[in-house]
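K.L.:
For reference, the structure I am asking about is given below.
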Amino acid sequence: MFLKKIPILSDNYVWILYNIQSFCIIIDPGVSEPIIKELEKKKWEPIAILLTHDHIDHTGGVKKIVENFPKITVFGPNETKRHGVNKIISEGDKIFILNKIFYVFFTPGHTPGHVSYYSHPYIFSGDSLFSGGCGRVFKNKHLEMYNSIKMIASLPNNTMLCCSHEYTLSNLKFSMFFLPDDKFIKVYFKKIKERLNLGKSSLPSFIIFEKKINLFLRTDERCVKRSLGLKNNSTSFEVFVKLRLKKDFWS
Ligand SMILES: [Fe+2]
Ligand SMILES: [Fe+2]
């Protein structure tokens, strides 16, 4: 399977997995037009749509894509069912498509029913774990988000993080504000800035990098606690909550 991403709206990506037989799977089509154009251009036949959660920038294109390709199967959590989902999935489900297994992980916190799809080497994390950060937490479900991103970070180091937004640079600026002397973050920031200046993307990232650049995954480290004005005996979860609240007012 090969991976392609299509930038849509202001900072979303729609991910497409395709094989040499020209069949493909679309993840979170927030709009339809550029996706249908790409499918027609490449002569790809979409077999399935996978939805992570019920936000319009992830689901807005489903209806039109299904109208154009009526044989397609739409998978999604219960919260997305009004978007034409014909296979409701939940935690622990395994989806078999195009000779690949997609494991469904329940990753709530951003929305109550948010899921991520894992098919090695790819994790499609929607708006849960971002490169350098994590999604906004709605309805105060911080513990859910904390557990969700820790679970994603426990995947093998060579897993490719395919999240849904290009927020990496802004997330790294946030990280550098709190850890201005962190050499790895500084180097990574420079690399990503160069990539974006060339019109490229920061994604996919790798889990091994996220463990180093993503402060939300480093909440047990003393330097992070100190930079937030927290005591050494603060719990990792307390650090996460303070960090998330700081980020809420950051941008
Ligand atoms: Fe969202
Ligand atoms: Fe989103």
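Each residue's number is its place along the chain shown, starting with 1.
Including glycine, each Cβ sits where the backbone N, Cα and C put it.
Just so you know, TrEMBL annotations are computer predictions that nobody has curated.
The Zn(2+) 1 binding site annotation in TrEMBL covers H53, H55, H110, D127. What TrEMBL records for D57, H58, D127, H165 is Zn(2+) 2 binding site. If you look up TrEMBL, you'll see 11-165 marked as domain 'Metallo-beta-lactamase'.
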K.L.:
Long-range neighbours only, meaning 6 or more apart in sequence with Cβ under 8 Å: which ones does H165 (Zn(2+) 2 binding site) have?
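P.N.:
Counting only residues 6 or more apart in sequence, the Cβ neighbours of H165 (Zn(2+) 2 binding site) under 8 Å are D11, N12, Y13, D127, F130.
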K.L.:
What binding-site residues in H55, D127, H165 place CB under 6 Å from ligand 1?
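P.N.:
Checking each Cβ against ligand 1, the ones under 6 Å are H55, D127.
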K.L.:
Could you check which of the binding-site residues H53, H55, D57, H110 have their CB within less than 6 A of ligand 2?
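P.N.:
Passing the 6 Å Cβ check against ligand 2: H55, D57.
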K.L.:
Cα distance, H110 (Zn(2+) 1 binding site) to D57 (Zn(2+) 2 binding site), nearest Å?
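P.N.:
Roughly 14 Å, rounded to the nearest whole number.
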K.L.:
So what sits near H58 (Zn(2+) 2 binding site) in its own chain, CB-to-CB under 8 Å and at least six residues off in sequence?
P.N.:
N12, D28, P29, G30, L51, T52, G126, D127, S164
K.L.:
For H165 (Zn(2+) 2 binding site), which of the three DSSP-derived states applies: helix, strand, or coil?
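P.N.:
Looking at the DSSP assignment, H165 (Zn(2+) 2 binding site) belongs to a strand.
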K.L.:
CB neighbours of D57 (Zn(2+) 2 binding site) within 10 A?
P.N.:
18
K.L.:
Taking the mean position of the Cβ atoms of H53, H55, H110, D127 as the Zn(2+) 1 site, which residues outside that list, in the same chain, have a Cβ no more than 8 Å away, listed in sequence order?
P.N.:
T52, D54, H58, T111, H114, G126, S128, G135, S164
K.L.:
If you draw a 10 Å sphere on the Cβ of D127 (Zn(2+) 1 binding site), how many other Cβ atoms land inside?
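P.N.:
The Cβ of D127 (Zn(2+) 1 binding site) has 26 Cβ neighbours within 10 Å.
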K.L.:
To what whole number does the mean pLDDT across the domain 'Metallo-beta-lactamase' (11-165) round?
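P.N.:
Taking every residue of the domain 'Metallo-beta-lactamase' (11-165) together, the mean pLDDT is 98.
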